[in-house]
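The annotation NAD(+) binding site is assigned in TrEMBL to 8-13, 33, 38, 86-90, 127-128, 161, 272-275, 342. Positions annotated as active site, nucleophile by TrEMBL: 272. Annotation comment: TrEMBL describes 328-452 as domain 'UDP-glucose/GDP-mannose dehydrogenase C-terminal'.
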Ligand code: NAI
């Protein structure tokens with residue numbers, strides 16, 4: 001029986017391995033992690049991450065050929081194929097601080113593999129890593145090899161949170177990069193055989209190692225760039241009276257452009273986009289490509305601009321101050337159908353409003369109060385470390401309370417800010433919400449989910465990103 005071990009039981013490791021186990025009953029899959037709480041959660045009925053369809057998949061194979069364990073060394077030493085899906089945070093100090101990937105966790109995983117291995121291994125990079133990481137890992141492994149042969153493959157993951165299970169079952173492509181040597185090709189084939197259990201062969205692409213690593217960074221940069229492009233357009237639409245949804249629709253009808261990823265919003269978030277672009281920028285700079293680096297940097301700058309612009313809209317619309325005013329925050333996750341808050345735009349918007357002394361009542365159907373308080377008190381980039389190594393704030397932010405539902409969050413509020421596109425925000429009883437709010441009552445829709453006309457008829461003053469401005473907003477101070 002082929003044995004797979006995956007180091008890192010997070011958003012990528014957990015779902016990816018569950019889908020492999022389900023589709024390959026003849027393979028034993030063990031997911032290991034240094035976080036005891038995470039592994040305990042995987043072994044309980046309350047999984048550590050929320051992802052539609054994940055529960056059902058895990059239920060079918062847990063205890064059959066899918067296992068979760070903290071006994072890392074045992075399972076690594078027994079495995080034929082080792083996936084490494086650990087955190088790759090942005091460095092906060094030293095060379096490349098604020099841009100380069102911190103490979104501390106990757107390197108320690110590689111050294112541990114070298115220490116405990118007694119048989120030949122295929123080591124698969126699942127984490128998103130800077131180009132040429134495989135080479136560094138290869139050096140660590142071969143310098144400590146004791147005669148054991150290692151083949152390194154790059155198999156970046158393209159799943160999107162919120163649709164991870166469907167993405168894993170029907171991937172657009174599976175990418176496998178490896179060495180173009182006989183042993184390298186054999187290793188590529190071994191991994192191909194795993195995916196071939198359910199992925200059509202023409203969707204499995206093989207490349208050299210560096211192309212695979214760079215393709216992942218490039219794909220995320222292109223996706224984020226589309227969002228920044230439409231968000232930049234949204235500012236122009238507001239200034240000129242065009243409607244960004246109409247513009248997106250017209251643009252997306254061009255088959256060369258396509259309709260996906262063209263929704264204007266308060267900004268992109270998630271653990272990958274910013275981190276991967278920063279990485280790309282750093283690699284370009286290291287290779288003397290300043291113009292290319294600056295080009296990609298702009299994608300992040302526009303994203304930051306969009307979040308600031310939103311905060312400025314809120315404050316300027318509400319008589320240039322939100323001090324002491326209650327604002328209901330609808331949604332904190334970085335997108336719907338996930339409880340993940342890493343780099344969520346809600347964090348920056350909330351911090352901006354708190355900076356103007358607002359009182360916030362935050363509601364999200366999937367994010368815990370503890371997580372929200374942790375996010376609002378954590379330093380930039382600290383979130384991307386294993387949970388038990390993240391600094392915990394001794395006290396939460398005083399002006400923030402967590403609400404059980406949208407109605408509680410909006411009670412007596414001066415304004416609502418919709419920051420995640422949860423479906424339930426489309427069908428709230430806005431009449432009831434309006435009746436319980438201070439007047440004038442504002443809705444700032446950062447995801448364009450509400451029916452603007454209906455809300456205006458109820459009496460709300462509504463701001464919707466990239467849409468023709470409410471007359472009220474037109475008369476307020478200009479927004480930077
Ligand atoms: P995560 O933070 O959810 O999971 C990483 C896990 O690795 C943590 O549970 C941590 O405790 C564990 N870990 C760290 N060092 C370890 C070690 N030495 N031994 C054992 N366990 C260790 O991160 P996530 O989201 O799963 O991301 C993992 C990688 O995949 C990152 O490089 C990310 O950029 C990439 N990625 C993430 C995607 C996403 O949607 N979240 C999509 C595609 C790639």
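Glycine is treated like the rest: Cβ placed from N, Cα and C.
Neighbour density for residue 11 (NAD(+) binding site): within 10 A of its CB lie 22 other CB atoms from the protein chains shown.
Counting only the Cα atoms, the space from residue 161 (NAD(+) binding site) to residue 272 (active site, nucleophile) is about 11 angstrom. DSSP states for the domain 'UDP-glucose/GDP-mannose dehydrogenase C-terminal' (328-452), grouped as helix (H, G, I), strand (E, B) and coil, give 39 helix, 19 strand, 67 coil. For ligand 1, the neighbouring recorded positions among 8, 90, 272, 274 are 8, 272, by Cβ distance under 6 Å. Mean pLDDT for the domain 'UDP-glucose/GDP-mannose dehydrogenase C-terminal' (328-452) in the predicted structure: 92. The number of other Cβ atoms within 10 Å of the Cβ belonging to residue 90 (NAD(+) binding site), over all protein chains shown, comes to 20. Applying an 8 A CB threshold to same-chain residues 6+ apart, the list for residue 8 (NAD(+) binding site) reads 31, 33, 83, 84, 85, 86, 87, 109, 126, 127. The Cβ neighbour count for the residue listed as 'active site, nucleophile', using a 10 Å radius over every protein chain in view, is 25. Straight-line distance linking the Cα atoms of residue 90 (NAD(+) binding site) and the residue listed as 'active site, nucleophile', rounded to a whole number, equals 10 Å. Other Cβ atoms within 10 Å of the Cβ of residue 161 (NAD(+) binding site), summed over all protein chains shown, number 24. Around residue 274 (NAD(+) binding site), the same-chain residues at least 6 positions away in sequence with a Cβ under 8 Å from its Cβ are 224, 268, 300, 303, 343. DSSP gives residue 8 (NAD(+) binding site) a coil state; it is part of no helix or strand. Rounded to a whole value, the Cα-Cα separation of residue 11 (NAD(+) binding site) and residue 272 (active site, nucleophile) is 12 Å. Reduced to three states, the DSSP call for residue 90 (NAD(+) binding site) is strand.
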